[in-house]
Structures are given as C-alpha cells and as structure tokens.
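**Q** As listed in Swiss-Prot for this protein:
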- HIS143: active site, proton donor/acceptor (ACT_SITE)
- LYS170: active site, schiff-base intermediate with substrate (ACT_SITE)
- GLU46, TRP47, ARG48, ARG82, ARG212, SER231, GLN235: 3-dehydroquinate binding site (BINDING)
Amino acid sequence: MNKVVVKNVTFGEGAPKICVPMVGKTVAALKEEAEMLQTIDLDVVEWRVDFFEDVKDLAKVEAALDEIRTILPETPILFTFRSAKEGGELAVSDEFYFELNETLARTGKVDLVDVELFNEEADVLRLIETAHKNNVKVVMSNHDFDKTPAKEEIVSRLIRMEALGADLPKIAVMPKSAGDVLTLLDATNTVSEKANQPIITMSMAGTGVISRLAGEVFGSAMTFGAAKKASAPGQIDVNELRHVLDLLHKQF
C-alpha cells in the first residue's frame, strides 16, 4: 500500500491519525478554536467551511484560512465544504462548490481537500487535477446518514474513489444495528487488503463508535475526534480517542 505523507503526518502506517474538525461561524470563533487546538494532541485539523458564515465570499474564506494557518503553521489542514445532501450545513450550487474548492486548492495554503464522490465525474476529475498540481492531497468522500449500504456497495465506492485519483478514499455510514457496523468493518478490511491507497471509514452514531477506534485492526487510516463541537454523530472526545488508539497500538 502507498503511504500518503502530509507535512509530518504519514497515513497508512501505525495507528489511525486523529482529525479534529473546526466548526466556527466567524473568524473570531475560528481563531479561538485554532488556539485551543494548538494545545491538543491531534494530527490533522479539518476546517468545515460550510459552517463559516462568509463562505460565499471567497476572499473572506482565504483571509480566514490565513488566520488559521498563522496559528497552526505546521498542522495539516483538510479543507472541507460538506454539501447539504451529504449532511452539511448549507446547500450551494455545484458550480460554487467546485469554484470554492479549486480556488482554495490553488492558494497552496491547505494540505488536503475533501471532494465528494457523487458529483459530475468531469468536475471531480478537474478538481483532483487542480489539487494535485498544487501539491494538495485529495480525500474523496461519501456519507450515508440514513443507512449502511451492502458490503459490495461500500467496497465498490471506495475502489471507485481510488480509480478516480483519490489519495485517501473515505466513506461514513449510519448503522441501524451491530450487524451494520460489522458490514462496514468487513468492507474496510477487504478494501484495505487490496487497495493501493490508505482508506478512511467509519460507522456513525453510538452504535458505530467501535469503528472509530479499531482502524488499525481493520484498515482505516484516520478517525475523527471532537474537541469542541462534534461535526458528526458518534465523534469521541479527542483526548479519550488518543488514549484508546495508543492502547490498541501497543497491543497490535
């Protein structure tokens, strides 16, 4: 499997890397969050820009990013606009979604960009090309807040993401039962054994918490923890998350 190196973080080896979302609505709130995150043992910060009140003003988005980057100069930043259809805060046009992501990828100030799989393929490929030209890695994602698809469908989506050029394919699903969590873990194990790229998977809500902890066993390279406000159901406090990941890593 290829390793994916972003600043001082290597995905695809050792314990899953911890990503903590920033969800501030204003520049002041984002600066406060970034200063708090300086004190926390994390690997990646995800800026959930769909929470930002001025997201439709690209100059203000870049200015906010500058403020975050000043406070967190060495921390890998994942730039994510989560669309409303995949559980995000704001519905925007496809045109704006791609303009926002391409513009920010070109700045060279983010390290990774989230690209949702279920968009026009030509647009997805263009954004991946723009990101890679600017040395930005691509997390390609899909989120199902209603259900857990069949194992074959989860595997198929992750393999498709890799085929399109994702550096880190990602899928998050909602379990209705413990069996659904096993389906996600089984799919993760299957893909991680044959994929070229590290993958990121999770089963959400309380039932799925085990999937956020057991990535090193089943093959998920990153997990999401909450420092202030969870951006998805089931996220664990980042300090507790690190403790459990370290415990499992020592035994593995």
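Note: Cβ is positioned from N, Cα and C throughout, glycine not excepted.
These figures come from a predicted structure and were not determined experimentally.
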**Q** Compute the C-alpha separation of LYS170 (active site, schiff-base intermediate with substrate) from HIS143 (active site, proton donor/acceptor), stating it in Å without decimals.
**A** 9
**Q** Just to confirm: which same-chain residues, 6+ apart in sequence, have a Cβ under 8 Å from the Cβ of ARG212 (3-dehydroquinate binding site)?
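**A** Counting only residues 6 or more apart in sequence, the Cβ neighbours of ARG212 (3-dehydroquinate binding site) under 8 Å are MET202, THR223, PHE224, GLY225, GLY234, GLN235, ILE236, LEU241.
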**Q** For the C-alpha pair, I'd like the distance in angstrom between TRP47 (3-dehydroquinate binding site) and HIS143 (active site, proton donor/acceptor), rounded off.
**A** 17
**Q** Taking just the CA atoms, what is the gap between GLU46 (3-dehydroquinate binding site) and the residue listed as 'active site, proton donor/acceptor' in Å?
**A** 16
**Q** Given ARG48 (3-dehydroquinate binding site) and the residue listed as 'active site, proton donor/acceptor', what distance in Å do their CA atoms have, once rounded to a whole number?
**A** 15
**Q** Sorry to bug you, but what's the C-alpha spacing from HIS143 (active site, proton donor/acceptor) to ARG82 (3-dehydroquinate binding site), rounded to the closest Å?
**A** 10
